[in-house]
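Notes follow once the structure below has been shown.
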């Protein structure tokens, strides 16, 4: 099995798992996985595809500029430049971007603060943080319509081989050293978002102690 085929199957499996969670509303979201380092190439989801379905045109191979390596009628996902920034600046092997209701709500609630922090949740250990009173933060950036501008702002927060950024009223982009790590981190962040949204709703309908995220 060639490396390209292996990576394709890895990304297809992740796409199927995330689709089963209904995280690809209205063809939104984009996924990528690195294939080679030198030259840099990676598979990225094709634009406008229904990600609940599996086809032979789900992904295309692009270069370090986000352009298709071969002639194709397919177009890379709109936010491919964000994936480019990740692979250029880090040793990450996979990047996942999804639009969920919970991550959009959280990004709007805390968008003016530029970040949101969570503590006191066991799931934080998924990030390799084992301290009892650990706090984890995720930056929130504006949702610039001009993708090069968005990518430039996004790049300011790409500082390690694993990380995450929330784009306000848009979605979350998570990256990791490999596909397993990226998916694990995405699941952990979405758990935290969902927990906090539900906690806020409960506070509106019952007498509960005030707990900050």
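Quick reminder: no glycine exception, Cβ is built from N, Cα and C everywhere.
Annotated Zn(2+) binding site per Swiss-Prot: 97, 99, in sequence order, evidence recorded as sequence analysis. For residue 99 (Zn(2+) binding site), the number of other Cβ atoms no farther than 10 Å from its own Cβ, over all displayed protein chains, is 18.
Summarising the environment of residue 97 (Zn(2+) binding site), the number of other Cβ atoms within 10 Å of its Cβ, over all protein chains shown, is 23.
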